[in-house]
Structure formats: C-alpha cells, structure tokens
Amino acid sequence: MASPSLPGSDCSQIIDHSHVPEFEVATWIKITLILVYLIIFVMGLLGNSATIRVTQVLQKKGYLQKEVTDHMVSLACSDILVFLIGMPMEFYSIIWNPLTTSSYTLSCKLHTFLFEACSYATLLHVLTLSFERYIAICHPFRYKAVSGPCQVKLLIGFVWVTSALVALPLLFAMGTEYPLVNVPSHRGLTCNRSSTRHHEQPETSNMSICTNLSSRWTVFQSSIFGAFVVYLVVLLSVAFMCWNMMQVLMKSQKGSLAGGTRPPQLRKSESEESRTARRQTIIFLRLIVVTLAVCWMPNQIRRIMAAAKPKHDWTRSYFRAYMILLPFSETFFYLSSVINPLLYTVSSQQFRRVFVQVLCCRLSLQHANHEKRLRVHAHSTTDSARFVQRPLLFASRRQSSARRTEKIFLSTFQSEAEPQSKSQSLSLESLEPNSGAKPANSAAENGFQEHEV
C-alpha cells in the first residue's frame, strides 16, 4: 500500500495560508519594474502613435497602399490599447498591490476581458497582415481577391470579433477571491480534499487577489487552453507563410521562380536597390517569427501553469517558479507591442526617415510623383536637345524603350529612387492582378513597395 504515502509526501510541499502573502513580489522587484514598465509604456505609446502618423503620411504621399495602411493602423491601435488598458491596472493589481478585497470583482473582470481581447487582436493582426503579404508574393494572381477595401475591412473586423470571442470566457471565469479556495469539481490531492486547511480562510479581509474563480474552474481552463491553441495556430501559420515568402524572394533574387522557369522579361539584371529591398524583407519576415515566439511564449507558459492545476495544489517549487516567471513574462509580453514600430524602421529606410521626421515634427517628404516629374522633365529636355543631332528613327526607339521600362520591387518597404538609377526589369509584382492598371509611379517609384510583410 504505497499509494497512501504519496499524498502525505506531496502535501508536505503544498503551499498553505502562510504562502499567500508571497503573491506580492519583493519591494526591489517592484521598483525595478516601475522603471522598466515606465520606459516600455512611453516607448510603446510614442512608437505606435508615430507609426499611425507615418503610415497616414506615406499613404497621402503615394508611398503606401490604403489597404496596407488600414492593417498597420489597426495593429498600432491594438498595441496602444494593450498599454493603456493592461499596463497600469496590471502593474497595480498584480505586481504592486495584488492583495485586495472582493469588492474589486467587476474591475477585475473588465480589465481581464479587455486586456485579453486587445492582446489577441494584436496577435491576429500579425496573422492577417502576413496573410495579405503572403498572397501578394506567393500567389499574385489571387491578390486582388483579398486586397480590396471591402476585403480588408472584413479581415480587420474578423480580427476584433475573434479577439473578443477568445476573451469572452474570462469575463465569467475571473474575479477576486482568496487564492487557496478548493475547486469543487477538481480531483486534487487527497489531503486537500479531506482536510479543512484550505476551506478556512484567514480573518484578514484584504487577502483576495484577482484570479480565476473556483466555481468557474472548468471555464477558466477551457479559455486558457483554447487561447493557447489560437496562439500556436497563429505562430505556425505565420512561420509557414514567412518561410514560403522568403523562399520566393530568395529564388527570385537568384533569377528563378519557385514554380518554373522565369519569363524572359524577368531575366535581366536587377539593381542594388531591388536586392537590398529583398534582403530587408527577408530580415523583416524572420524578425516577425522570432518576436512571436520569444515575446509571447513566456507569458503563455505562465498562463498554462495557472490553468494546469488549482493554486491549492501548487507545491512550493511550483509556486516559486510561477512568481519568478511572472515579471519576466509580463515584460517580454509588453515588449512585443513595442517591437512592431522598430521592425518597420529596421526593414525600411524610407519608413525610418519619415518616422524621425514625425518625431521631430518636421515633415519634408515629397510626393511619390515629384521625383518622376523631375526625371521626365530632365529626359524630355535632353531628348529635345539631342533631337537635332540624331535621326528621328533613333529618337523614337529611345522614347519607346523608356516607356516600356518600369521599376517594380518585391518589398513593401522601399527606399527612395535615385534619378540616375539604372532601369530595372519586372519582378513578381508585375504578376499582381491590379498592377497592370496602375501607373509606374504608384508601385514602381519611391517609398513602400507593394509586397509588405
């Protein structure tokens, strides 16, 4: 009969009422987190607010499509809401003063629901934005079906509705409660089921925390595990799409398409600007996957630990690991909302230049057609000057060749074109359904390119 000894050995390591005050972290951790959270809060609000302004400027100046602008603005708004809703309340109720009374149940429910919804809105925005770029790069003939204004609005609406549905169970499962209350439907350790050590709460009134309610344990578990499945699906889907986009970009850079032989008009040598745009896009794609994995995974692990078994069954080592992971997971999670503007600036020299101009309140960006008008005027002046020296046949051939030359790149993020840059051949962007109807200045000239990640 070895089984009776197991509960006794387990119960000797189980936390009890004396461990409840340890849900409040040490003072030096609080002070450190104040400084870290303050820096992250300012950087997050400033960076995402500037991102909204930058995308609006780039769209107005003809450097960025409206559909991509809508995706990026909605993503930045969800990040801002994560900071405004999540960080102040979470720092106060979880880090600074976690022990409270049961009168804060409503605020606990609302905060948890809104924070969860905004967090998963950010996650799903990364998915839809990656999907839109995946179709544009890997399946250009189908791009028009997902790139229209109505389709983009539907995708953004899908993101927010799905995020609210993912967070909805927490509205019922969360509240303020003494953390060691037994879960009625949970088959825990024998000592906890037979003993009254967890049934009797201390007489102190401020020993409740914002946590899952014992009467809604099954709902809480289903919500956390379901949200984790959503995270894994998004992570694997984004990784799959980014890997395929990188393959297409690298193969096109080497002179061959993924599905067959490259068309004759795509075999010409490409400029250094186009190759740089591809390298920047590949770096951007890799950083997206790394950010989702590194910044979100610690917080997901902590949530899984909270849902794996009720707190009255936690061992001391389990409880200690949870409390150590808590500040790190929260910090990395908020960093994920700060990184998005940094990814844009890293992968685009044009975005970085306008971003600095917005922060300095000194916008000097010209319209995308400005440089082209100057080049067209310069070419027409040169052609007029040389017309008297060359036969008409050569002049007409030169003008016809100039009209056929386009500058189209693969990356959404595009650097400014130089007047003396060599003419480039068509890329995968020319295969996009709506590219043929657009003038060269919208997709070919300065600024953000058609294929953004």
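Backbone N, Cα and C define each Cβ position, glycine as well.
Taken from Swiss-Prot as is:
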{"type": "COMPBIAS", "residues": "418-435", "note": "compositional bias 'Low complexity'"}
{"type": "CARBOHYD", "residues": "Asn192", "note": "N-linked glycosylation site"}
{"type": "CARBOHYD", "residues": "Asn206", "note": "N-linked glycosylation site"}
{"type": "CARBOHYD", "residues": "Asn212", "note": "N-linked glycosylation site"}
{"type": "REGION", "residues": "255-274", "note": "region 'Disordered'"}
{"type": "REGION", "residues": "415-453", "note": "region 'Disordered'"}
{"type": "TOPO_DOM", "residues": "56-69", "note": "topological domain 'Cytoplasmic'"}
{"type": "TOPO_DOM", "residues": "132-151", "note": "topological domain 'Cytoplasmic'"}
{"type": "TOPO_DOM", "residues": "243-283", "note": "topological domain 'Cytoplasmic'"}
{"type": "TOPO_DOM", "residues": "345-453", "note": "topological domain 'Cytoplasmic'"}
Set of same-chain residues at least 6 away whose C-beta sits under 8 angstroms from Asn212 (N-linked glycosylation site)
Ala173, Met174, Gly175, Phe220, Ala306, Ala307
From the DSSP assignment alone, can you count helix, strand and coil residues within the topological domain 'Cytoplasmic' (56-69)?
9 helix, 0 strand, 5 coil
Averaged over the topological domain 'Cytoplasmic' (345-453), what pLDDT does the prediction give?
54
